[in-house]
């Protein structure tokens with residue numbers, strides 16, 4: 001048996017060419033350039049697995065699956081368009097306005113004998129339709145309505161919670177410090193409360209997207225009048241540029257423009273003391289985007305230092321928003337990240353910064369009633385130290401969205 005095997009081996013050896021390969025034809029494996037590198041979205045998932053598994057414990061597997069699944073959207077009705085007929089069409093899709101539903105349930109609670117939820121002091125006139133929990137239906141793309149404006153704006157419905165938390169009143173002067181791409185700015189205008197709205201974003205390309213949103217959804221006389229001002233300033237310096245501007249003041253609201261009158265909304269009574277509010281929706285790791293998109297992904301290797309510096313930037317922006325607020329006013333801080341380093345820790349850091357360097361006292365407002373009020377639409381994390389956090393859930397796949405309301409004490 002050995003002889004045939006040896007013969008086969010000798011034949012194979014004769015076929016093998018042992019002539020040295022010239023150096024110019026040799027291939028040397030260069031792993032740094034030729035090995036496939038992790039994509040930014042994969043790096044993001046690795047990062048989340050390490051940090052969020054500790055932060056959320058047993059909740060993380062379900063949050064993880066939800067983040068990797070298709071996101072749910074809400075349809076924010078454009079009150080500058082024919083909002084009544086648009087709402088009727090959305091109702092025909094079996095969608096419901098989650099804000100009016102929540103307020104209706106709140107009014108029914110005293111009659112049912114249950115302990116009443118604290119009165120929702122939220123921004124008025126917002127209408128946002130969502131499909132019920134577990135319903136993964138999708139809204140059709142928005143269309144141009146009869147008034148030449150888009151009928152509704154598709155967005156993560158949880159993004160409205162920071163706007164609702166502002167509790168706008170008629171005649172308020174409002175600052176949206178990090179406004180682009182424009183969903184929350186549009187929602188602020190939908191309230192019909194803004195006497196003046198300053199919409200700012202450092203990136204000129206992003207403010208370009210903001211202008212497109214305003215052009216598609218807001219009448220020309222509001223866009224081009226003095227009611228809306230779009231800027232591209234460094235938000236960290238806003239406290240120096242317009243310090244103590246956005247807060248309570250004895251200012252009488254001026255009459256609404258013709259376009260605002262066309263809203264045909266059930267307006268709440270004017271407040272004798274109009275206030276100014278600040279929304280600080282900061283740049284963050286945008287967790288869901290980072291898991292699904294390679295373009296503009298903050299987990300790209302080249303953006304590592306930028307990502308590490310995010311909490312410091314967020315503290316600076318929140319501090320600037322509070323400095324731009326007059327004593328007695330309110331600021332809502334928000335992110336679309338699950339990270340407590342970008343959420344609770346930033347809030348606590350900004351409060352300490354203002355106390356130590358400016359002798360300014362800031363108090364966190366209790367928003368726990370939002371958890372009860374909107375529990376049929378969103379899934380809330382029950383253990384936030386400060387503020388509220390909407391966590392993704394397969395039955396209600398909105399978020400993540402963190403929001404916290406702060407009161408600059410007089």
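All residue numbers here begin at 1 and follow the chain in the order shown.
Keep in mind that glycine also has a Cβ here, set from the backbone N, Cα and C atoms.
Listed in TrEMBL for this protein:
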{"type": "ACT_SITE", "residues": "336", "note": "active site, nucleophile"}
{"type": "BINDING", "residues": "178, 179, 180, 181, 182, 183, 184, 201, 234, 281", "note": "S-adenosyl-L-methionine binding site"}
{"type": "DOMAIN", "residues": "79-409", "note": "domain 'SAM-dependent MTase RsmB/NOP-type'"}
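Sequence features, as recorded in TrEMBL, placed on the structure.
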| residue | record | contacts (Cβ under 8 Å, 6+ apart) |
| --- | --- | --- |
| 178 | S-adenosyl-L-methionine binding site | 200, 201, 202, 235, 280, 281, 282, 283, 317 |
| 180 | S-adenosyl-L-methionine binding site | 201, 203, 206, 207, 209, 210 |
| 182 | S-adenosyl-L-methionine binding site | 199, 209, 210, 212, 213, 214 |
| 184 | S-adenosyl-L-methionine binding site | 159, 160, 162, 163, 176, 279, 281 |
| 234 | S-adenosyl-L-methionine binding site | 202 |
| 336 | active site, nucleophile | 156, 159, 284, 286, 287, 288, 289, 399, 400, 401, 402 |
Annotated S-adenosyl-L-methionine contacts 178, 179, 180, 181, 182, 183, 184, 201, 234, 281, maximal Cα-Cα distance (Å, integer): 20
